[in-house]
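For reference, TrEMBL has these:
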COMPBIAS  B:443-453  compositional bias 'Acidic residues'
DOMAIN    B:128-409  domain 'NADH:quinone oxidoreductase/Mrp antiporter transmembrane'
REGION    B:441-467  region 'Disordered'
TRANSMEM  B:6-23  transmembrane segment
TRANSMEM  B:32-49  transmembrane segment
TRANSMEM  B:69-97  transmembrane segment
TRANSMEM  B:109-126  transmembrane segment
TRANSMEM  B:132-150  transmembrane segment
TRANSMEM  B:162-185  transmembrane segment
TRANSMEM  B:205-231  transmembrane segment
TRANSMEM  B:243-266  transmembrane segment
TRANSMEM  B:303-320  transmembrane segment
TRANSMEM  B:332-352  transmembrane segment
TRANSMEM  B:372-391  transmembrane segment
TRANSMEM  B:411-436  transmembrane segment
Amino acid sequence: MELLVASAIGATAAAGTYLILRLRTFAVVLGMTMLTYAINAFLFTTGRLVVHMPPILHGHAQVDVADYTDPLPQALVLTAIVISFGMTAVVVMMALGAFIESGDDHIDMPDDDRIMPKLKTVDDPALTEDETA
Amino acid sequence: MTHWLIVPVLLPALLGPLMVLWMRHDLLQQRVFGVIGSLLILAVALKLNTMAADGDVHVYRLGNWPAPFGIVLMLDRLAALMLLLTAVLALAVQLYAIGSGWDRKGWHFHSLWLFQLMGLNGAFLTGDAFNLFVFFEILLIASYGLMIHGGGPMRLRAGVQYISYNLAGSTLFLAALGTLYAVTGTLNMADMAERVAMMPAEDTALLRTGAVLLLLVFAIKAAIVPLHFWLPSTYANAPGPVAALFAIMTKVGVYAIIRFFTLVFPQDSVIETIATDLILPTALITLTLGQIGVLGTRSLTRLASFAAIASIGTLMIAVARFDTPGLTAGLYYLIHSTLAGGALFLVVDLIAARRGGDFWLRLRPAIRNTGLVSALFFATGIAIVGLPPLSGFLGKLMILSARQADPWMPAIWSVILVTSLIALVAFARAGSILFWKSHEMDPEPGNDTDEGEPPAPGPIPTKLETDEPIQDVDDSAAPWLSFMATGTLLAGSVALTLFAGPVTRYLQDTAIQLNTPELYHESVLRRQEGSR
């Protein structure tokens, strides 16, 4: 079981990392989702992997700690899932907005962000035409 | 047990949603309640500072659970100091946003502002590692909203980059926390520190991995060099006041590094000097690259962004050894660089708005109010570069003297001094392009109406069109408020110089308190007086 879980986490994380390094927003969002899945599964395993054991104490009978699994990672995973889910929704909306506003879905910044544009002057018809086009 | 500790988190958490629910269409009410909220937070921060000044570590147990099991908030001198700094910066910048009319460019500016404050305050107060992650997310969500406030294609694209980078950082944060939990079995910082101290040295491979992962996460937030790529585009494209508030955001990363590597992984523990070995060289590179960026950039907003990176470099050089003189100097420089960095972003916004939204460093006709704006730019430049008489000079001097006996002293001194010269050249060049050479050009037709009647103040329009990169000066509701807010931040730098003696003594006590983490363990774990 340990091998299966570990390799699943590793494969998902690797795929996620690869996708994040792509240039398009869709791939990056997808990669981010896979990476958060991998991290959530990883968080779940931090309390050690056990089967057939509940995380919640029940009844007032004799309680043996060895009969229970660590509840804290499960609480952490729950929080992490909620946060990463919300964050993915935010990044999808933002990516959509950026795509609609700027016309392409590249993740890197266009040249206008670094290179000084020419000053617009009234006696430069070519430039003003370029602007309206 | 006093309940004051939770007020800085609870107050904005309640006021923000109320503003969204009941004042969403009334900008005037939003402004009034936003400023009242910031004022109240400032008042509470002052109160908490007087509480923390007794040198004790105050603990607030949420739900009154005993410490390693429940979440705790803890207040020491450093946390109180950061709260106060945040409150001062946020209030001044909020006034600027109102004065310049930036808050009209989109919806919910003021409630997002309060959420941002909630996240910041929570991150400074929390004593639980996972809780720190949650507060990081809160402040990041609010910062995403603020960063794209006003819209426009460029800003949205920069926003997507910013979110992606931070999301990757958040997953890394969770990985680090998971690793540390798997090794120590706890997430309470004080408890974790005790277990780290008890751990035998040969079993610490995974612990070191977790510590370095955590360091990477905080380095992303602080924009230390190999991980700084998100900062220039983000800050340069964010609205001016938002970028000014972000001056405290990078400091959150520095705060978290200081907190973790003095409390949980102190130098004499099994982690040894792993943080120092990594931080000091990268801090030197950060400073160098930042100042070269300041010199090399062709845009005003990027000039301020690279100055922010450079200030982080200087700060990390100071704190890299986590010794008392270094921390004292570093904290002094932290206060200074937050105020001066915020002021720089505001001045840049003032200039850009008066140049018709052109923030490129090129010749334009002289702007209106040239005298006042250029005086502000001059003063801010002095503060940022670190020339006397403002606090940047004292801060750098303290850092230099703190690192006098360091084995790396030649490298540290030469990097700090040479990069200061580079920054001086950069700011002199920017200032002469903006203010001196512009006088040789003909004034723009629209710019000589400054003496005329100002337009009658009508009712505040709720929202302006959004897709402008920069706020136009004609839309500003009260330009005097913008100037006053910028002046306030600079006055903070002046005050920091005038009261350098008492401030330094206070910071020295803070550094000593940071370097005696036993007090934390005592307060959080043993003295459970409030709980059953």
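We number each residue from 1, going along the chain as drawn.
Cβ coordinates come from backbone N, Cα and C, glycine included.
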- Query: When only pairs 6 or more apart in sequence are counted, do the transmembrane segment (B:332-352) and the transmembrane segment (B:243-266) reach 3 or more Cβ pairs under 8 Å?
  - Reply: yes
- Query: Are there residues at least 6 beyond the ends of the transmembrane segment (B:162-185) whose Cβ is under 8 Å from a Cβ of it, and what are they?
  - Reply: 129-130, 133, 136-137, 140, 144, 147, 191-192, 195-196, 199, 206-207, 209-211, 213-214, 216-217, 220-221, 229-230, 233-234
- Thinking of Cβ pairs under 8 Å, which stretch from B:32-49, B:109-126, B:132-150, B:372-391, B:411-436 has the most of them with the transmembrane segment (B:243-266)? B:109-126
- Message: Tell me if the transmembrane segment (B:109-126) touches the transmembrane segment (B:6-23). I count contact as 3 or more CB pairs below 8 A, with pairs 6 or more residues apart.
- Response: yes
